[in-house]
Amino acid sequence: MTDNINKESTTTTTTIDHTTNLLIDKHVEYIVKLGSKKDSFEYWVTEHIRMNGMYWGLSSLYLLKSLDKLDKNEVIQWLLSCQKSNGGFGGNTSHDDHLLSTLSAVQILIQYDALDKIDINSVVDYVVKLQREDGSFVGDQWGEVDTRFSYAAIMCLSLLKSLDKINCEKAVEYILSCQNFDGGFGSIPGAESHAGQIFTCVGALSILNEINKIDIDKLGWWLSERQLPNGGLNGRPEKSSDVCYSWWVLSALSAIDRLHWIDNDKLKSYILKCQDNETGGIADKPGDIPDVFHTFFGICGLSLMGYFKDQIESIDPVYALGTKTLQKLGLNLPWNKNL
């Protein structure tokens, strides 16, 4: 979070059972306070991904119906200070541009209905230039290739209504080349299947209306196998559960209409147990220290499963933005069951 953008929040004094209830007030307070913790280790080691952190924090507040708890103008001014001359955005004011931070910047501006604050064409040009001849995308000038970048580019251009500026056919071909025999996807061709990469590939293919080119049931089986006896989800076989996969796995299952293939109630229970009932926030595992990353994805998981409908907003499984926000943009969301 940036400095001095906190607004006064109300401290909750009532003791609530965090294993059965979502501690909304505490989570809001936790997120709002993040920007003031300049003396913490976490503040400085995450400096380079502050744009992503801002997206996670703001999106959490949106889902908790508390977006107004941060000063909109200060957030936008800080965001604009992170844009570079080539149109891309850095993770912070003093950091190089990157595709992932550029996507986060666009998502933040959309949530604030403030796309008019930037030169959209310059952002589009920046993203378009990152596509390679084989259809893949690099994340920045240094040339790393990853399916995360394909998703980020495709989603960013879709939000800016400029998908016609890239070779979508080649982009699809490259993504499909990253699919494995088990139905999952890796970061590059031949890489191990991982839930995070599956989320990006399913999301990109969904946006491009090419999800029918994969074996839905095989992928759904692989994803449903990620649920462990404790109710949580892991990202690949033989790994422990982690709240972040409540988004990576669930979003992909939701996009392919297989959300009912896992035990939603057990996952809900796992997420709630990962809440910190003293400070607020959600951790990766029960008893661990919370952070904004897992707080956001834990709330996202609960939203996707339809829990606490009266308390949290609906999120889209592909764009990772509020359903109402996307409806205002006039985007076609055939995979979203909340429409």
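One-based numbering along the chain as shown.
The backbone N, Cα and C atoms fix where each Cβ goes, and this holds for glycine too.
Each residue in the repeat 'PFTB 1' (24-65) has a pLDDT score, and their mean in this model is 83. Sequence annotations record features per position, and here Swiss-Prot assigns repeat 'PFTB 1' to 24-65.
Beyond the repeat 'PFTB 2' (72-113), the same-chain residues lying 6 or more positions past its ends with a Cβ under 8 Å from any Cβ of the stretch are 2, 4-5, 47-52, 54-55, 58-59, 62, 119, 122-127, 130, 137-141, 148-149, 152-153, 155-156, 159-160, 320-322, 325, 328-329. Annotation source Swiss-Prot lists repeat 'PFTB 2' at 72-113.
Residues or ranges marked as repeat 'PFTB 3' in Swiss-Prot: 120-161. When DSSP labels each residue, the repeat 'PFTB 3' (120-161) comes out as 22 helix, 4 strand, 16 coil, counted as helix, strand and coil in that order.
Per Swiss-Prot, repeat 'PFTB 4' is recorded for 168-209.
In sequence order, Arg148, Gly235, Trp248 are the residues of the chain that are 6 or more apart from Gly196 (geranylgeranyl diphosphate binding site) and have a CB within less than 8 Å of its CB. Gly196 (geranylgeranyl diphosphate binding site) falls within a helical segment according to DSSP. Positions annotated as geranylgeranyl diphosphate binding site by Swiss-Prot: 194-196, 236-248.
Sequence-distant contacts of the repeat 'PFTB 5' (216-257) (same chain, at least 6 residues past either end, Cβ-Cβ under 8 Å): 182-184, 192-196, 198-199, 202-203, 206, 263, 265-271, 274, 282-285, 293-294, 296-298, 300-302, 304-305, 317-318, 320, 335, 337. Swiss-Prot lists 216-257 with the feature repeat 'PFTB 5'.
The Zn(2+) binding site feature in Swiss-Prot is assigned to Asp242, Cys244, His294; the stated evidence is similarity to another entry. The Cβ neighbour count for His294 (Zn(2+) binding site), using a 10 Å radius and every protein chain shown, is 24.
The annotation repeat 'PFTB 6' is assigned in Swiss-Prot to 264-306. Cβ atoms under 8 Å from those of the repeat 'PFTB 6' (264-306) belong to residues 15-16, 18-23, 25-31, 34, 42, 53, 56-57, 59-60, 63-64, 227, 230-233, 240-244, 246-248, 250-251, 254, 312-315, 317, 320 of the same chain, restricted to positions at least 6 beyond its ends.
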Problem set entry | Contacting positions for the repeat 'PFTB 4' (168-209) when only residues 6+ beyond its ends and CB under 8 Å are counted | 131, 133-137, 145-148, 150-155, 158, 215, 218-219, 221-223, 226, 233-236, 245, 247-249, 251-252, 255-256, 317-319, 335
Exercise. For Cys244 (Zn(2+) binding site), which residues in the same chain are close in space, meaning a Cβ under 8 Å from its Cβ, but six or more apart along the sequence?
Worked result: Gly235, Asp284, Phe293, His294, Phe297
Exercise. Which residues in the same chain, at least 6 apart in sequence, have a Cβ under 8 Å from the Cβ of Val243 (geranylgeranyl diphosphate binding site)?
Worked result: Gly232, Tyr270, Ile271, Cys274, Ile282, Ala283, Asp284, Lys285, His294, Phe297, Gly298, Gly301
Exercise. For the binding-site residues listed here, His194, Lys239, which shows the highest count of neighbouring CB atoms within 10 A?
Worked result: His194
Problem set entry | Rounded distance in angstrom between the Cα atoms of His194 (geranylgeranyl diphosphate binding site) and Asp242 (Zn(2+) binding site) | 13
